[in-house]
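Quick look at what TrEMBL lists:
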type: REGION; residues: 1-71; note: region 'Disordered'
type: COMPBIAS; residues: 17-29; note: compositional bias 'Polar residues'
type: COMPBIAS; residues: 51-71; note: compositional bias 'Basic and acidic residues'
type: REGION; residues: 83-103; note: region 'Disordered'
type: DOMAIN; residues: 103-293; note: domain 'SAM-dependent MTase TRM10-type'
type: REGION; residues: 290-328; note: region 'Disordered'
type: COMPBIAS; residues: 300-309; note: compositional bias 'Acidic residues'
type: COMPBIAS; residues: 310-321; note: compositional bias 'Basic and acidic residues'
Amino acid sequence: MEIIEENGEGSENISEVQVNSQPSGLSKTAQKKRLKQLRYEARKAEKKAKMKVEKKREGERKRREWEEKLASLSEEERSKLIEERKGQRKERMEKRSEEREHKIQRLTKAKENGQNIIIDLEFSHLMSRAEIQSLVQQIMYCYAVNRKCPSPAHLWLTGCKGDMESQLQRLPGFDKWIIEKENRSYIEALEDHKENLVYLTADSDTVLDDLDPNKIYIVGGLVDRNRWKGITMKKAQEQGLQTGKLPIGNYLKMSSSQVLTVNQVLEILLKFLETRDWEASFFQVIPQRKRCEADSGEPQGEEDEEDCQEKDNESGTKKQCIEAASNS
């Protein structure tokens, strides 16, 4: 579906079809947020297209400089320079291969003694295709961050089926991810460990002081858009599971957006596993935009539409992480 016009004004030219295709029954506020999201996605696509053109131009410029440099040298000097470049490239490739092997070893070890963390994907039927795609991007970032972590967790994807599974399968290298991929629910996959399951939800009365290595923590895989408040708590109660929430309110107050993305929750947990310091973990992960002197909140695992805006500010870091996941 076209969003961007050839004149580059895509962010202001959302097609009428897209606007009218918003889910029926949404409030005016939700419709405005949806339109804002569509405009954001249009700007993002426009920016991506421009970056692609700039990258191509930069590549062509470097090739010209290289060819001009070779042309100015003697035959012997050209051969020497080419061999030096080949040697540097080989050295870089060997270093990357070594780093990749170390990461694989860490993730393999984490399957045996790492903190178990589940991303619950059983909410896909409540999300639009665009929201599923957003969640898939978050999951890719989760895996990449965990892969780079000095002490990675043992990650699980449960309820991974249908459109969600199809979208994940399209990710480069997904079949090689060192992660548990379960079509079944976590209740079925871990029925012998039900007493150790802890669902992270903002509505829980239990504030986590620490992470128990014997517990299995569940993060709700839901791009919420403020439509499904309290759904994770309700699910946990119906299943008779323990619940808990991160102690965010003990260390900082949140702005009007009181939810975190799945990858932000996962990164906070990883930071805490590394530092055993909640305050440091929160301040390193939660964007400054979400902090203020009013309205404290401890949301986990459900994403607000405004979080998409934050992704542009972190695009450099995330791009590196996503490339790392793709090269797993």
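Quick reminder: no glycine exception, Cβ is built from N, Cα and C everywhere.
Keep in mind the model is a prediction, meaning the values are calculated, not measured.
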Subject >> Composition by DSSP (helix, strand, coil) of residues within the compositional bias 'Basic and acidic residues' (51-71) >> reply: 21 helix, 0 strand, 0 coil
**OP:** Count the residues of the region 'Disordered' (83-103) that DSSP assigns to helix (H, G, I), to strand (E, B) and to coil, and report the three numbers in that order.
**Re:** 21 helix, 0 strand, 0 coil
